[in-house]
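Each remark here refers to the structure printed beneath this line.
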Amino acid sequence: MDNGIQERLLSSQGKEVVDLKGKVYEESKKIWRVALPGIIARVASFGAIIVTQSFIGHINSLDLAGYALVQTLSVRFINGILIGMSSATETLCGQAYGARQYHMMGIYLQRSWIVDFITLTILLPIFIFGTPLFRLLGEEEGIARSAGYISWWFIPMVYNFVFTLTMQMYLQAQQKNGIVAWLSILQLIIHVPLSWLFVSHLHWGVDGAMGALCISSWFVVFGEFAYIVGGWCPHTWTGFSTAAFKDILPVIKLSISSGIMVCLELWYNSILVLLAGYMSNAEVAISAFSICLNINGWEFMICLGFLGAACVRIANELGRGDAKATKFSIKVLITTSVVIGVFFTVICLVFGNKLGYLFTNDVEVAKTVSNLSFLLAISVLLNSIYPVLSGVAVGAGLQGTVAIINLCCFYLIGIPIGALLGYVAHLEVEGIWIGMNIGVFTQTLALSYMALRTDWDEQVKKASERLQRWFDDEDGDATFIEEIEREPIPDGFTELNMPWFTGRGDLEDYSNNYKTKMQLKRASPALKWMTLVPKVLDGTNYAMWRWLMLVSLSAKNKLGFIKRTVLTPNEIDPRHQAWKRCNDIVLSWIFNSLSQDLANSVIYVETPSEI
């Protein structure tokens, strides 16, 4: 008897292991579906910056120091603000997608464009007055002049951040960021020969290197924009809308907290580069430190892919209301990222003494890079943990808490320790990097504690409340659920085969896709025309037309239901004159209101010959 019980227990444990493996496999597929395109896109995009640095570094060390100063201070400053503010798009779109509020994602994207564009324009003097700014910060005159000149070249380049960052997060939230990866690869493929042509063949120097960077960076923006508005996002892009100018305040509030969170993190490295500029041999210190930062940053792009995956997965599961799946996703994300981090840590330890020569011919700079290789390896390992935890916070909308953690760990711990070790203990650049690692390690511990202590059931409730608050109709109109509940099923429809309305609660899902009549009117101008159609129908046809319209609206976000929306002759008598007129209205609405891709899908629906 004991043997039988033991066998059943072993069998049960075996099934649990198999089930766990299956769950890990399925979750890993979801993670990599988001992370891999994001990793490829970020590595390729950052690769263009690295390639530009390499070409400038082989021109002369002074311009290399100037480029490093602008890229790690001014550009990182602006990039940090825009990435942070754009992460609000990631949170809102991710939770909206999880809650199937697809139509709001395009409006969130347009709101982010408005907020980010105004923000960047306000901050533009950082580039316009680059030389006096770096003089004010105490940099050497030659480096300040070079950095000021290069700053002007970065102005057309940084404006692409306004659009590409938000569009990437918009696409990532709906797991369509594969196009971003392909465009980024093409950008790098274009950038390398273009840089060689301008710098090595035409001998345009710094102007050629920066010109190539500007051209290749805008290639991605135009490609993403064409993909979104060209009909490849039919569920989430319904065209430009004046609704983007409404309710901007909640987006600004979330953007500010997101911006502070990311800026405190990215500016951390910038301040350390500034400290390196006060060393005895500033040119070598800045060049070596920035080379290591860019190597670290390149690997960090991989980790940012998992940050994006964490944000999307957490936001999606919170939007769906599944706290258990949220916690499981966090575990799989961290494990996967750490394994990859260990791999790259080993590479840094093995090839650390050769990395510097990829960026410069200066022996002294390359030697300093080699001395930093062990500390670089530690940074790479830490990179594999804290970005994922930050992504979890972004997905849950906890940016404000992370901002406080970043402020304490980086600015109250990391920078003071780095300054003491660098200047008081005379460890120079190594001391600054040690301080940086201590700050990141402290941040990782704090974020880990926060993730463990977070009540994810409570976060599910907060996500639901946030979505409900922003989707509620401003004029107090009844929700679509109430509309459908009050709408009587017209005669002739009681015997129709509508399996999507039975057993799965899909009626509520349909109605939740469009919360209110006012929201519907803002979603598509065609809906205003639709509300006038019943006036030309007689009273006996109105109820049938109304029911068809309610059902057809749901199809706007569900391509698979289009064929069942337009009722076929098998479901209703084709000689029914009222049905023919109503079906004609539905077909007209689909063809005129939706994208071409969705409209084309209706061609395959069997419609009566009379239409």
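Each Cβ is built from the backbone N, Cα and C atoms, and glycine gets one as well.
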Listed range which TrEMBL flags as transmembrane segment, given the options 113-137, 288-312: 113-137
Within-chain partners of the transmembrane segment (328-352) [C-beta distance under 8 Å, separation at least 6 from its ends]: 23-24, 27-28, 30-31, 295, 299, 302-303, 306, 309-310, 313-314, 317, 370, 373-374, 376-378, 380-385, 387-389, 391-392, 451
Contact check, the transmembrane segment (403-425) vs the transmembrane segment (431-452), 3+ Cβ pairs under 8 Å, seq sep 6+: yes
Cβ-based contact of the transmembrane segment (31-56) with the transmembrane segment (210-233), 3 or more pairs under 8 Å: yes
Interface-richest range of 68-92, 179-198, 210-233 toward the transmembrane segment (372-396), CB pairs under 8 Å: 68-92
